[in-house]
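Peer 1: Here it is, the structure in full.
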């Protein structure tokens, strides 16, 4: 078990300096016409290569804003974000974002062209190689048969798959996913989580995943960073490498889920589980 | 918690493949024909022509209102002698020059407007100043500046196309979703490449609407301008043809000239713009 940390210092005190991504005391603010709102306050954490790092928190904890800052879309007002030692200052093809919204795929390009477009526009590959790689990754997400379909003819889950294929084809240093499955129905979401984990087994990419679902965080991630609401501050870091989709409903899984719930919503100690499990405790996720 | 057991039994059904029911069937011929847009529109045109002929026969005054058949024969004569086609050609050449120049300027202005705050202010100030100004009102000034030639016509045409198109295009750019913008920037697209590869295709429904409005404005302005100042160096266009024939009281030829204006409008709308929409925004599911 990892020790409780004082305040919100670096999330991993035993960091060895091999981190792929380091977020160092980052505060983020956004502007409304009337005032400036602080979204996160001095958040620090480090992501190692091949981590499946999850940012988890209630809505309004600034987790999406944090992800956008790592993507380079928002500049931090304090602190620094470094990718392999390089300070992040602008969006770039080394950090590909998978958004929640379905309109992230340009509708005027077919599925294959969508994946190729990312490769060509960023100057990663020439046309021939781009096409080859696009088809390879489309095959991986099971959409080879739909290569020439336009996005508006696809279902939500298929669009999410295209976005993932596009991101993987870019072979970014880190893959940023902003609640990618939140707009999907429960069955599709579960299938997508399963496929994402299978892809990770195969490709071993580094993933930063934002979600507001405790179950999804436990299933998808190997490390979970809990953020407190308004403004987002680091509350804890939890290991979840031992859980997968088969752990749903298991005792250990439920215990960790309840612990996270306690950390997120009550300020005190998480309630210990001496009592019998009853029907209301069994949440078969979604 | 009380567990009431349901009264009904549970059951499972083994599903056999469904073979004896056809999975799809064709619509009846009438419904399929009615779905053809050109057929419906032709029917409307036919009805209008019948109405026109009826009113003309009732009126019975060729000088005021020649009928559909009379106009058609005048049109046929004009086309056969080549006179009308020549006029149409003169008008179209000027029109297309002005239209293209207007499009290029509108692209430049809106690109500037999406890139900088200053450009945005320039565009919004200029459109609010000049959009309400009728192009024809600028014609006397244009004649003073550019003389009695094609250039003054092109000037008023650009004026009539530019503001309407720029306004639509800019509104289209503003409507592009934040996610799509971020996705584009994520690939490292910036500046002109961002406008070309993300904003323009994403705003295409609005841009096409602007192009249509611009085309109609340009046509209108051209005919009106030719009516006002007539021929340039002895070669007048369609407006001049209408004006001349009105002076000589060939009302059927006036109607033939107007019919040509309408026909070209219909042709461009249905052939050019409709096909453009079909292969782009409709195919991409951006417009129904």
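Each residue's number is its place along the chain shown, starting with 1.
Glycine too: its Cβ is placed from the backbone N, Cα and C atoms.
Please treat TrEMBL annotations as automatic predictions, because they have not gone through curation.
For reference, TrEMBL lists these features for the protein:
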- B:84-273: domain 'ABC transmembrane type-1' (DOMAIN)
- B:88-114: transmembrane segment (TRANSMEM)
- B:126-147: transmembrane segment (TRANSMEM)
- B:153-173: transmembrane segment (TRANSMEM)
- B:194-217: transmembrane segment (TRANSMEM)
- B:223-243: transmembrane segment (TRANSMEM)
- B:255-273: transmembrane segment (TRANSMEM)
Peer 1: In the same chain, which residue numbers or ranges, 6 or more beyond the ends of the transmembrane segment (B:255-273), come under 8 angstroms Cβ to Cβ?
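Peer 2: Residues 38, 41, 66, 70-71, 74-75, 78, 84, 87-88, 92, 208, 211-212, 215-216, 219, 223, 238, 241-242, 245.
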Peer 1: Which residues of the same chain, at least 6 past either end of the transmembrane segment (B:88-114), have a Cβ under 8 Å from a Cβ in it?
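Peer 2: For the transmembrane segment (B:88-114), the list is 120, 122-124, 126, 150, 153-162, 165-166, 169-170, 173, 192, 195, 199, 210-211, 214-215, 218-219, 222-223, 226, 235-239, 260, 264.
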Peer 1: Checking distant contacts: for the transmembrane segment (B:126-147), what same-chain residues at least six beyond its ends satisfy Cβ-Cβ under 8 A?
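Peer 2: Answer is 109, 153, 155-157, 159-160, 162-164, 166-167, 217, 221, 224-225, 228-229.
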